[in-house]
Amino acid sequence: MSFSRSSMSYSSSGGGGGGGTMSMRSGGGGGMGMGSSRFSSMGGGGGGGGAMRSGSVYGGAGGSGVRISSSSFGSGGGGGGGGYGFGMGGGGGGGGGFGMGGGGGGGGADMNVSANEKATMQNLNDRLSTYLEKVRKLEAANAELELKIRQFMESKTSPSSRDYSAFYAIIADLQDKIQAATRVNGGIYLSIDNAKLAADDFRTKYENELAMRQSVEADIAGLKRMLDEMTMARSDLEMQIEGLKEELIYLKKNHEEELLAMRTQMTGQINVEVDAAPQEDLSRVMAEIREQYESVSAKNQRDLEAWFQTKTETLNKEVASSTEVLQTSKSEISEIRRTLQALEIELQSQQSMKGSLENTLAETEGRYSMQLGRLQNQVTSLEEQLVSLRSDMERQGQEYKMLLDIKTRLEMEIAEYRRLLDGEASGLGASSSKSVQKSSSSGLSSSVSSSTVSSSSSVPSSTTSTTRKVVIVTEEIVDGKVVSTSETKHTT
């Protein structure tokens, strides 16, 4: 947004036969500044002279350091003569200046436009056309610069305009490789989980088989103890059989000795006649007793042999079955050990493969992260270049708007000057001074111009009269266009 305020003062005085000068100054600043213009005319005659100063406002860029000067005027009458001068300067993106001067003589308050002044106006118009031509050239250069910036942005700096088609195939290939590696990694993880489950299953089976083996070994130990007990019982029975055999032999020996004794006793013939009951036959009784003992001994021997044979067969069967179970358990344990060793070897190979794949995955992720970082840095640098170009474009746009604003204000001031000059050429009756104050902004702006016209007419040298006319011009400007104008006139 730019704000400019200008003031213009105009004063004139005329006499009968003197000379007068008139000058005009105009200044403008770029950006936010305040400029001032001054227009004055002086004339003097034989009897007196006139001079007028009007208030003006000066300020620098930004609207700071404002100094306001007061205005005063005076008039006098006398003989005639006059001169006219005009000057203007402009600052900002471009500027121009012109001046004119002339002299003449006459008696009266009217101002005549001479041929000199027409030439000066022609020069002024030529300079204005030159200034407008420069403005057009600046606009064309600005448009060309904007076109070059736009082309540069479209060709170089815009990320969307860069041709990344050469990288699409590489990116797609890398993405396919990443997906394949991810699938392979997932399959490996699944295989590892399956191997862990199988290892847990085999560990459970191993523990069950180990418990069964321990129970079988405990049974075998119990059977061994039972076998030892049976062996000891067998040896005891054999010892008892041997004892019984020895006792039987001893009994047989005693029986034979008794038989021999009885026989020796029976060999002597004793004839004793007694009246007694008939005696039993001792040999028959002894034979019966012998048969009875022999039958009992044979029966006991048969029973012992049968019991021993039965127990021996039972123990042999149990030992054979236990030995078979033990051999089966040993073969199963050896098979389980071989399976466990194979699974442990496979687990170690899978773990080593997992470690190598994890290292490969980490290296791949690191490499792609580095590439992504480089691409991100490139994108960041391109974004910074884009931001700087946008800021340059905005700055140039603001400068262009400022130049357009200055051009508009200068055209308005030139139009106002032309209107004043046309008003003077149409024959104003008195010298006039006019002050125009304008204020503008980017939106709605209004301008109020106050004109003070003072004239002094020369009557006979003995009498001098002064007439003051005040003209207040109010203009409403929207976006550099005059919307409404109103004038108020006062005469004092």
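Numbering starts at 1 and runs along the chain as displayed.
Glycine is no exception: its Cβ is also placed from the backbone N, Cα and C atoms.
Predicted, not measured: the structure shown is a model, and the values here were computed from it.
Taken from Swiss-Prot, the feature compositional bias 'Low complexity' applies to 1-12, 431-470. The compositional bias 'Gly residues' feature in Swiss-Prot is assigned to 13-34. According to Swiss-Prot, the feature domain 'IF rod' maps to 117-428. Taken from Swiss-Prot, the feature region 'Head' covers 1-116, and the record attributes it to sequence analysis. For 1-48, 426-470, the entry in Swiss-Prot reads region 'Disordered'. According to Swiss-Prot, the region 'Coil 1A' annotation covers 117-152, on the basis of sequence analysis. Annotation source Swiss-Prot lists region 'Linker 1' at 154-170. According to Swiss-Prot, the region 'Coil 1B' annotation covers 171-262, on the basis of sequence analysis. The region 'Linker 12' annotation in Swiss-Prot covers 263-285, and the record cites sequence analysis as its basis. Under the heading region 'Coil 2', Swiss-Prot lists 286-424, citing sequence analysis as support. If you look up Swiss-Prot, you'll see 425-492 marked as region 'Tail'.
When DSSP labels each residue, the region 'Coil 2' (286-424) comes out as 139 helix, 0 strand, 0 coil, counted as helix, strand and coil in that order. A mean pLDDT of 69 is what the model gives for the region 'Linker 1' (154-170). Taking H, G and I as helix, E and B as strand and the rest as coil, DSSP gives the region 'Coil 1B' (171-262) the counts 92 helix, 0 strand, 0 coil. In the region 'Coil 1A' (117-152), helix, strand and coil residues by DSSP number 36 helix, 0 strand, 0 coil.
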